[in-house]
Amino acid sequence: MLLSSQKMLFGFLLITGTVLALSSNSWLMAWIGLELNLMSFIPILTSGKDKFSCEAALKYFLIQAIGSALIIFAAPISINSEMFYSTILFALILKLGASPFHFWLPAVMEGLNWIQAIILMTVQKLAPMFLICHIVTNPLISYIMILCAMLSAMIGSVGGLNQTSLRKMLAFSSLNHIGWMLTALTISESSWLIYFLFYCVVSVSICLLFNFQQTFFLPQLFMNKNLNPYTNLVNSFSLLSLGGLPPFTGFIPKWVMIESMTMAKMFIPALILIASSLITLYFYLRMAVSYLLLISFKTKLSLNFTPNASSLSPMFISVNLFMLLVPSIFILV
């Protein structure tokens, strides 16, 4: 079953743990929320009943357990000291999967299906980033966060260049976006929220598209002869939107962030983030152009309707193109 009672139960507990961590007024309650979120996500990871999902669940559990241990380790330290804030920050960055503690993210992503990858890329990032908002007021923490953000953006862009696995490619792309979101946290919470919402929309649309096609590796996109030209077009548009190419949806949060960093006079981080996004956009653009050139158009119309990704092509096109009119909306407002 796609939605069994077991999955619904653990999904509800996962959301409950996230909400508990977001609404907590103490680090103890935040830690309890993170632990409830972790213990609910592990059964979801192992629902695949194969060696790859079990291996990914074990890796994820060990890494998250280390992060939780660091939070407990920070408890005896004075809450107003920089040592306390630094320990909490490193624990949350480890749970988040940002550099220099990014090593587990591609390995875990490789063993997941697309629905599990959606949860890991979106919901599981919400609580650690929201908790980082509470400690970003410290100047030392802001400096460390900017360094981690620039490192995440560079590693995420370079790491995805030689990947043929779509899940690892999206993992490194997520690492690049984490760099943008960490930078947004140092500026304002509203900038981070805008970027996170747009990132979730684009990432979910791409993962659902690949899930409908049951595509996990790059050669499968080129060798699949059963896809019609509309699906091929949606694949290309979705990848370009994730890379942040204007005028697709993925460009809007980066546009907002570039303006915010310019107003905050963060020119060096802005330069590094833009350069990393150009590298990310390069391998997405190379893949999309090759994909469009190698597709073969069918000469006959198939009368047999099957509910695959091609039937949902208008929805995915609208998701990645509906922000074309956003500048006009801003002008009207």
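Note that Cβ sites are derived from N, Cα and C of the backbone, with glycine treated the same way.
Note: TrEMBL annotation is automatic and uncurated.
Positions annotated as domain 'NADH:quinone oxidoreductase/Mrp antiporter transmembrane' by TrEMBL: 24-280.
Per TrEMBL, transmembrane segment is recorded for 60-79 (among others).
The transmembrane segment annotation in TrEMBL covers 85-105 (among others).
Long-range contacts of the transmembrane segment (117-137) within the same chain: residues 14-15, 17-18, 21-22, 30, 33-34, 37, 41, 44, 85, 88-89, 92-93, 95-97, 108-109, 145, 167, 170, 174, 178, 181-182, 185-186, 189, 192, 196, 199-200, 203-204, 207-208, each at least 6 residues beyond the stretch ends and with a Cβ under 8 Å from a Cβ of the stretch. Feature annotation from TrEMBL assigns transmembrane segment to 117-137 (among others).
The transmembrane segment feature in TrEMBL is assigned to 143-162 (among others). Long-range contacts of the transmembrane segment (143-162) within the same chain: residues 86, 89, 93, 98-100, 102, 106, 132, 136, 168-169, 172-180, 182-183, 185-186, 266, 269, 272-273, 275-277, 279-280, 282-283, each at least 6 residues beyond the stretch ends and with a Cβ under 8 Å from a Cβ of the stretch.
TrEMBL lists 193-212 (among others) with the feature transmembrane segment. Outside the transmembrane segment (193-212), and at least 6 residues removed from its termini, the chain residues within Cβ reach (under 8 Å) are 113-115, 117-118, 121-122, 125-126, 129, 166, 170, 174, 177, 180-181, 184, 234-235, 238-239, 241-242, 249-250, 252-254, 256-257, 308-309, 312, 316, 319-320.
According to TrEMBL, the transmembrane segment annotation covers 233-255 (among others).
The feature transmembrane segment is assigned by TrEMBL to 267-294 (among others).
Annotated transmembrane segment per TrEMBL: 315-332 (among others), in sequence order.
Across the candidate stretches 60-79, 233-255, 267-294, the maximum count of CB pairs under 8 A to the transmembrane segment (85-105) is reached by 60-79.
Packing against the transmembrane segment (267-294) from elsewhere in the chain are residues 146, 149-150, 153-154, 156-158, 160-161, 169, 173, 176, 179-180, 183, 218, 221-222, 232-233, 235-236, 239-240, 242-245, 254, 257-258, 261: each is 6 or more residues past its ends and has a CB under 8 Å from a CB in it.
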